[in-house]
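Inspection log for the structure reproduced underneath, given as structure tokens.
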């Protein structure tokens, strides 16, 4: 397996971003808390910076103002010439790229952790770019071992040949947390507390790495997108049915050919007609109605993640 380079120096410049979607309240309020109490993000080998990613959407308690910021960190937007008519999120993406990047440069932050919640039953999900991202996958494994009761799942969002588009892709290394279900615009104590604990463990892992801990090779299960499924619709584009009760809340569970996926308003069931088993994610996610997505179809894969050797201590200056 071809892998991204493992960091060979300590990760000193670390950011924790929340509120990229302004109605995902756990990340919003954690960042607001850390801006007032930054000591919680301090570790012996570094101090993380809290970032409120989308202030305008957060103020409006909306996912975004003009366009989805979580799809805007590509070269098309980051490198285009600014104009007065640019959507707010395009301007904000360029600002964040300057703050945390520039993307794909040696000056970029060493690590960005991006905080999200979902209305879907995603449980505790870690989102990395691909199976090549060795540092992020070792971090995922560490979190799985620390929280066995949470049944943490790993989603690899990047399709082959696709440019990474998320905020954490601006940094040299990154990961997104996706917790759910949590309604939009609602703050739940259990999700808030779980996210806070996970962030602390992420920072502890980076500190362990910085202080010279080695991490052995391991086998990992993860989910990779293979397609999307839209709702059944009328000729006018309106919904003609909704997610079937047998599929609702079954994120990460196998969907077999012939299983029901939609319940039509007319009464009949629509069945999954695929040729192989898939694993649906983001089932009935509220934010995806506008994107024409009832759920994301994924395949489950198992692969080996290479060992991550201990950092070599810097030589002591000559006396």
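Numbers here mean position along the shown chain, with the first residue as 1.
Cβ coordinates come from backbone N, Cα and C, glycine included.
Here is what TrEMBL records for this protein:
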DOMAIN    11-206  domain 'Succinylglutamate desuccinylase/Aspartoacylase catalytic'
BINDING   21, 24, 116  Zn(2+) binding site
ACT_SITE  178  active site, proton donor/acceptor
DOMAIN    219-300  domain 'AstE/AspA barrel-sandwich hybrid'
So around the Zn(2+) site, 21, 24, 116 aside, which residues have their CB within 8 A of the centroid of those CB atoms?
18, 19, 20, 23, 27, 63, 70, 115, 117, 118
Round to the nearest Å and give the CA-to-CA distance linking residue 24 (Zn(2+) binding site) with residue 178 (active site, proton donor/acceptor).
10
Rounded distance in angstrom between the Cα atoms of residue 178 (active site, proton donor/acceptor) and residue 21 (Zn(2+) binding site):
12
Compile a sequence-ordered list of residues in the same chain as residue 21 (Zn(2+) binding site), six or more apart from it, whose Cβ lies below 8 A from its Cβ; state 'none' when nothing qualifies.
54, 57, 63, 64, 68, 69, 70, 116, 287
I'd like to know which of these recorded positions, 24, 178, is least surrounded, judged by other CB atoms within 10 A.
178
Run through the Cβ atoms and count how many others sit within 10 Å of the one on residue 116 (Zn(2+) binding site).
25
Mean pLDDT over the domain 'AstE/AspA barrel-sandwich hybrid' (219-300): what is the value?
98
Which numbers of helix, strand and coil residues does DSSP report for the domain 'AstE/AspA barrel-sandwich hybrid' (219-300)?
3 helix, 35 strand, 44 coil
